[in-house]
Amino acid sequence: MKPQQLATQKFSEHYGYSAAQTVFAPGRVNIIGEHTDYNDGFVMPCAINYGMAVSFSKRDDSVWRVYAIDIDEQDEFDLSRPIEPSEHKWANYVRGVVKYIQEKCPEFKQGADLAMTSDVPMSSGLSSSAALEISIGKTAQVLGDLPLGLAEIALIGQQAENKFVGANCGNMDQLTSALGQKDQVIMIDCRSLEITPTPVPHGYSIAIINSNVKHDLVTGEYNSRRQECEFAARFFGVKALRDVTPEQFIERAAELQAENELAYKRAKHIISENQRVLEAVEALKANDMVKLGQLMAGSHDSMRDDFEITIPEIDYLVELAQIAIGKNGGARMTGGGFGGCIVCLVPDGKVEHLRRIIADNYEKQTGIKETFHLCTACDGVHLI
């Protein structure tokens, strides 16, 4: 059963009446451009056909009752009182979004009953949290008929995750969940929020392979990467690493390396990765899948060697995928790192070959069974 059907059904069972409306917000996969978003850089994700559905109805008071179907828990809070953190981590994503919507729209106090469910695997790097934030943001916007655009809802979602949940994420995940387009990857300039849609090449599929090694980014590694990038930006005297050209980096690389080895390595990844994203857009437009494959491989190597966010299981998955796909297409880790998924752009005729090579080798080598998802690029958040 699809999340939107499950949300509607469980809403009726839980509350004893039918939901008025349902919102669906997709997860995302990032084709290339990793950890560049919070450096004001470039990313190239697409929204995917896995996501979060929220069925909801207005109440005649200011209370939100939120039923999380997948874990059978409920949260309740009152929009006419200051919104405080909950002991349930999932509930803080909901409360945080509503809190920052109220900062923008102080008159918003419309109560509601909600039931929500997701088929985005948790801790996979496919943005289960952004799908939750954007679905809640859109729900609130509909409930209150609020004058909020999709990009604003995305930035409110990011604010909630940064300030209320305590994960220092960039804005890519939320922007993609809000602004995704069917059959397109979207290059996002994370500073101007300008979007450049580019069609997914004809005859290619997007495969996402979950290593099933879990990660949780609220803890230290992610935040330390941000601090190292900020150190490097200060070293170059710029607002963000986006403002450093490859030539400027090369000119002062030895000096930065002598001062702070880690900041040097992190900056090397970010600056080269921004360049790879810009080249990837051109490769896609030219239908040059050999070039795109090389850029994806370069991105993975840089994440492994300079940003140091991959793990042996992920490196092995990428290696297997690259063997299966060959030169036309590519594979790399996607998401924050330390587990999660790899993304592949694979010729349709090689999908089963890819699936088989990984099934025959990954578990044998690691003792963990992978999960294989074929995805399509989808529209962003919408009412169903």
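Cβ coordinates come from backbone N, Cα and C, glycine included.
Substrate is bound by E34, H35, T36, D37 in Swiss-Prot, and the record lists one more residue there from Y100, Y204, Y222, Y264, which is Y222.
Taking a C-beta cut-off of under 8 angstroms and a sequence separation of 6 or more, Y222 (substrate binding site) has the following same-chain neighbours: A167, N168, C169, G336, G337.
Ranking the binding-site residues T36, S127, S128, S129 by C-beta neighbours within 10 Å puts S127 at the top. Relative to S127 (ATP binding site), the recorded positions with Cα atoms inside 10 Å are R28, D173, the candidates having been R28, H35, T36, D173. The local packing around E161 (Mg(2+) binding site), expressed as other Cβ atoms within 10 Å of its Cβ over all shown chains, amounts to 27.
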